[in-house]
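All remarks here apply to the structure that follows.
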Amino acid sequence: MQDLIASSIKYQQGTLTVLDQYLLPHQQHWHVCNDVETMKDLILTLKIRGAPLIGLGASLLVAHLAEQGMSQSALAVAIDELEATRPTAVNLMHCMAKLRLALVETDYVAAVVSTAEQLFKEDIALCDSMAERGAVLVDKGDNILTHCNTGALATAGVGTALGVIHKAQQRHGDIHVWVDETRPLLQGGRLTAFELERWQIPYTLICDNMAASLMAAGKVDKIFVGADRIAANGDFANKVGTYNLAVLAHFHNIPFYVVAPLTTLDTQTACGANIEIEQRSPNEVRGVSGSFGEAIWAPTNAKVHNPAFDVTPASLVTGWVLDSGVYNQSDIEQGILKKLK
Ligand SMILES: CSC[C@@H](O)[C@@H](O)C(=O)COP(=O)(O)O
């Protein structure tokens, strides 16, 4: 396989390495990943994360294993196991479905390798298209609120919602970003803050429960978020807390945009209620952990509800920024998403 390099994943001279997003921003540690168990663990512990990147990481590993001589039947098992690691983000399923098709080719090694390479390069191009289309919606001087991490760390390219912000800053300058810290796993506080700092885009970090009063004070002009799965009717799943923002944006009359590539569309799923939501460990809510160690502040056995994602209904979305265009409520009602995939 050819060398493929992104912010948080690299395939170089036959070695796959993954930047540990759990340890960022204070430690930059790259894991070598040569086997399915390691990749499963990296995905389950969110060391590799973000809807597009999970699919690409799993694909590069499968291609690497094919090149190393793994049999077709063992590769099929690997694909199934990797696909089962995170149930909400559909990009992983999209990538694994493409690899399954490649696996039945006579020269399956070449087919699997070229599929993984194409998926990686396609993601870079999709990010560029979303950034171009979304940046048009941003005005000079805008205060933009975002949730979770949707930047270069989460994709092979510049990102989805954060890619739009990056492009808008390059184009107009004078953008300021309100960064939701994104409890429980702090992807905003740890990763989005890190990326905005690296890109020298002015930002202010807030706790998730501070967004409402900022909106009421007129300090949020637009909201851009990513998605892990968009259903046929435009409902979408994204990091838990996104739905709160959509309701608040609706109340305060603030434009609310979701940014995602074609690979995030799931037109087989009719509506958001049918999207499986991943439930995660109670300790993520009982306390916090990271490069700084682990602290549990709740009673050790406190009962916990910890869905990793929530579903935002289409009725609360101002625009769907996809790589192919920006779509509004009327486009969605006319079934545009089904025509795109
Ligand atoms: C390009 S990223 C889109 C989504 O994957 C992102 O918003 C998100 O919710 C990530 O969740 P995570 O659990 O950190 O993988």
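The backbone N, Cα and C atoms fix where each Cβ goes, and this holds for glycine too.
TrEMBL annotations:
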ACT_SITE  D228  active site, proton donor
BINDING   R49, G50, A51, R86, Q187, N238, K239  substrate binding site
SITE      C148  site 'Transition state stabilizer'
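Feature map: TrEMBL annotations on the structure.
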{"residue": "R49", "record": "substrate binding site", "contacts (Cβ under 8 Å, 6+ apart)": "Q21, I43, N149, A154, Q187"}
{"residue": "G50", "record": "substrate binding site", "contacts (Cβ under 8 Å, 6+ apart)": "N149, T150, L153, A154, T155, G226"}
{"residue": "A51", "record": "substrate binding site", "contacts (Cβ under 8 Å, 6+ apart)": "A89, V90, N91, L92, A154, G226, A227, D228, R229, A260, T264"}
{"residue": "R86", "record": "substrate binding site", "contacts (Cβ under 8 Å, 6+ apart)": "I43, L44, I54, L92, E278"}
{"residue": "C148", "record": "site 'Transition state stabilizer'", "contacts (Cβ under 8 Å, 6+ apart)": "D180, T182, Q187, G188, T192, V225, G226, N238, K239, G241, T242"}
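Highlighted in sequence order, I54, A89, C148, N149, T150, A154, G226, D228, A308, F309 have their Cβ within 8 Å of the centre of the Cβ atoms of R49, G50, A51, R86, Q187, N238, K239, the residues recorded for substrate, and are not part of that set.
Checking the recorded positions G50, A51, R86, Q187, D228 for a CB within less than 6 Å of any atom of ligand 1 leaves G50, A51, Q187, D228, listed in sequence order.
Using a 10 Å Cβ-Cβ cutoff, N238 (substrate binding site) registers 29 neighbours. With a 10 A radius on its CB, D228 (active site, proton donor) counts 29 other CB atoms from all the protein chains. Around the Cβ of K239 (substrate binding site), a 10 Å sphere holds 27 further Cβ atoms from the protein chains shown.
Of all Cβ atoms in the protein chains displayed, 27 besides its own lie within 10 Å of the Cβ of Q187 (substrate binding site). Largest Cα-Cα distance over the residues recorded as binding substrate, namely R49, G50, A51, R86, Q187, N238, K239, equals 17 Å. In the three-state DSSP scheme, the residue listed as 'active site, proton donor' is classed as coil. Following the DSSP three-state reduction, the secondary structure of N238 (substrate binding site) is strand.
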